[in-house]
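Here is what TrEMBL says about this protein:
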TRANSMEM  27-51  transmembrane segment
DOMAIN    43-294  domain 'G-protein coupled receptors family 1 profile'
TRANSMEM  63-88  transmembrane segment
TRANSMEM  100-122  transmembrane segment
TRANSMEM  143-165  transmembrane segment
TRANSMEM  213-231  transmembrane segment
TRANSMEM  243-267  transmembrane segment
TRANSMEM  273-293  transmembrane segment
Amino acid sequence: MPYFNQSTAYPPVFFLTGIPGLETSQAWISIPFCCLYAIAISGNGMILFVIITESSLHEPMYYFLSMLSFTDLGLCFSTLVTVLGIFWFNVREISFDACIGQMFFIHGFTFMESSVLLVMAFDRFIAICNPLRYAMILTTSRIIAVGFVIVIRGTTALVPLLLLLKRLSFCHSHVLHHSYCFHPDVMKLSCSDTKVNSAFGLVTVISTAGLDSVLILLSYVLIIHSVLCIASKEERKKAFGTCVSHLSAVAIFYIPMISLSLVHRFAKHAPPFVHTLIANVYLLIPPVMNPIIYSVKTKQIRKAVIKVFFIKPS
C-alpha cells in the first residue's frame, strides 16, 4: 500500500488523510471547504482593510481585532495548500521538514490567537472597570509592544517542541489522521520514547492557551463584578453588550480546541472521520465566524464594511 512506510530512513515522508471512507466524493467535499476558506480569507481581509483605512477605527479595541484577523488569516493559509491539495489533486505526501514547517505555523498562529483573545479581554476589562484611564493605559506604543510580545511568545514556545520532535524515529505507519500536520498526530507515529515530548507539549499548552483561558475567565469575573455594581439597568446592559462579540470569539476558539484534545486523548477508537472532522472544525470555524460575529455585533465595523462597498449606511 502507498500510504505505509516501514523504512527507518530519515527524514521520513508522511501521508495526509482526507475524509476517511469518502475518498470517491472528495471533489464534491472540496466545495464546502473552498467556500469556508473563501469566507474566512475575504472576511478577515475585509476586517483588516477597514481598520487600516478608516481613521475612526484607529482605537485599541480595533487594533486588537486586526491582530485577531491577522492570526485567523495565518491559520487559513497554513492549511490551505495541503487540504485543497488532497481534495483536488489527491496529493497526500508531505516531507518531514515541510510537516515541521506547517506545524510551526499552525500551532504558532493558534498560540498567538489565544494571546490576542487574552489581550482583548484585558481591553474590555479596562474599558468597563477603569474607563477614565483607558486611553492612558492602552497607548499606541504599548499596543505595538503587545503585538511583538504576542508574536515572540507564540513562536518561541514552539521551537523546543519541534526540535524534540526531530530527534524521534518513525519506523511504522507514516499515515497521519488529518489533512495537515498536527503535533500529537505526528508524535503518535514515532517508535521512539515520546514521554519527554508529551510532557513538554502538555507544559507548552498549559503555559499558553491554558493560562490564557484562566486569565480570560478571571477578567470576566472582575468585569461581571464591576458591571453588577452599576446602578442603571440600561448601563449594565450596554456594558455587557460590548463583551458579546469577544465572548463569542472565545467560545468558538476554545470549544473546538478542547474537543480536539479530548478526541485525541480519550477517543482513540472513534471512527477515523471523527478525528478529521473535529480537526478541520478546530482550524476553520474561528477564522470563518470571527469576521461574521464582529461585523454583525459591532456597529462601527458594520458601518465601515458597508462603506467599503460604497453603500451609505441608513
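Cβ atoms are placed via backbone N, Cα and C, with glycine included.
Just so you know, TrEMBL annotations never went through curation; they're auto-generated.
With respect to Cβ pairs under 8 Å, the transmembrane segment (27-51) is most closely packed against 273-293, considering the stretches 143-165, 213-231, 243-267, 273-293. Between the transmembrane segment (243-267) and the transmembrane segment (100-122) there are 3 or more Cβ pairs closer than 8 Å, counting only residues 6 or more apart in sequence, so the two stretches are in contact. For the domain 'G-protein coupled receptors family 1 profile' (43-294), the model's pLDDT averages out at 91.
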